[in-house]
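J.: Quick one: structure below, then a few questions.
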């Protein structure tokens, strides 16, 4: 641990926030339907999509219609992706001859990519063909990300509205975000990745002879194109089982830097766009400050813990002051720490190291970031509306303390909004703790678990936290490709995505119908340090109190076991 490591973490976080501002201003223009510099090329394509699909771009939808459109689109996406995975053996671009996925694995994988989770219970390079990767998984990396940003746009319009029922048009938002934002950025980033050494090919796997004279199969895929949207859309599912620790997905420190920035930049950009459209830029800066504080603290804790000696190495009298187990030497501890904080705070789930090999507090911090709600800065779109839900609860608490009806950005926050907000917030602990409790006692779940005790419980907790939080990363350490794990994790992903989105859209519909109030001397300020502190407190209380007993039995107990081992 040295000053260069701290400087690296600060630089990457600062660069990400800085790049979020211009992207946020561009995103605001998309949400408003304003003209952009891409219009001469993409406007005809946009009109063609509307005409082919029978979409009226002038029609605004109520919150229930918007939610139904989102659910219908997601259901159709699930059916299509499930069919591709099941029929993979009969589809083209499959030179390896991979068979179709079993029903429970296809179910889990289809839900995973439709819900923007990208949990993978399989070894990608030995299971999924190039066609399934491109037509199935990569395309849904775009669509699931665009759907999340569309919901954020609807929530933003609710705060800008004055006694209105419409939240915009889901199909228009989905189309514009995909065409004008995700696709152009992904093309540029993919070309950069190819230039930096990532493969982009449809060729079959190559057999090579190693220096030891052993035959080795080298998997080849169109990696760069999926890697670009994988990180930009906070998807996280990799072409290779090692994910971004694999040299084909993340060959050098420069690609590592780009991928970290990709993970968080659109999360910050959504908040910037929100502030511009609601005319609340100072309030947006307050939200960004909260997000950046959590990412910085998490990265610092992980960096500190992972530069401690590993007890196994100390016991073997090995000279190792840093826990480099499961980490890539080409990145080092600082880049691994900021990556881990970014990927768990952003619902991305892509990894450049193996979290199961982290020290207990390092892995516990990664898990805690997910359990806080994936709002720091969160997934594309979902981070913004998740933070708005907690901001509403924060101003409600402030209103109770001073005896006034709470307001947030000119909208009264009343019982209806608070009930919907609490319904959304409770989805996470109910699914995580409920499924984890069942998995900890049922033989059908435990039979695939390789570790027992505190670490085994941590692996179970992390799996359901990752699935419900739509993150997708894993501690691993157990066989996830079984009917129990594939089914229950799939259900957890559904609850975490759609069980949260529907109450959020209901809140948006309720707020849009209310009058826009003017700020008075009695209005609680939501752009200063007092609100920032209150919001941090609400986030910690909701995350800490709900999950602390479970964390105490998992990573915290394991930490003290490590201290005991080091003291011997």
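Placed from the backbone N, Cα and C atoms, the Cβ positions cover glycine too.
These came from Swiss-Prot, pasted as-is:
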| type | residues | note |
| --- | --- | --- |
| TRANSMEM | 7-27 | transmembrane segment |
| TRANSMEM | 65-85 | transmembrane segment |
| TRANSMEM | 135-155 | transmembrane segment |
| TRANSMEM | 177-197 | transmembrane segment |
| TRANSMEM | 254-274 | transmembrane segment |
| TRANSMEM | 286-306 | transmembrane segment |
| TRANSMEM | 383-403 | transmembrane segment |
| TRANSMEM | 422-442 | transmembrane segment |
| TRANSMEM | 489-509 | transmembrane segment |
| TRANSMEM | 530-550 | transmembrane segment |
J.: How about long-range neighbours of the transmembrane segment (530-550): same chain, 6 or more residues beyond its ends, C-beta under 8 Å?
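T.: Answer is 286-287, 289-290, 293-294, 368, 371-373, 375, 390-391, 393-395, 397-398, 425, 428-429, 432-433, 436, 457, 461, 524.
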J.: Going along the chain, which residues at least six beyond the ends of the transmembrane segment (177-197) come within the CB cut-off of under 8 Å?
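T.: Distant contacts of the transmembrane segment (177-197): 26-27, 30, 36, 38, 42, 45-46, 49, 142-143, 145-146, 149-150, 153, 223-225, 227-229, 232-233, 251-252, 254-255, 258, 262.
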J.: For the transmembrane segment (65-85), which partner among 135-155, 254-274, 286-306, 422-442 gives the most CB pairs under 8 Å?
T.: 135-155
J.: Do we see three or more Cβ pairs under 8 Å linking the transmembrane segment (7-27) and the transmembrane segment (254-274), pairs being at least 6 apart in sequence?
T.: yes
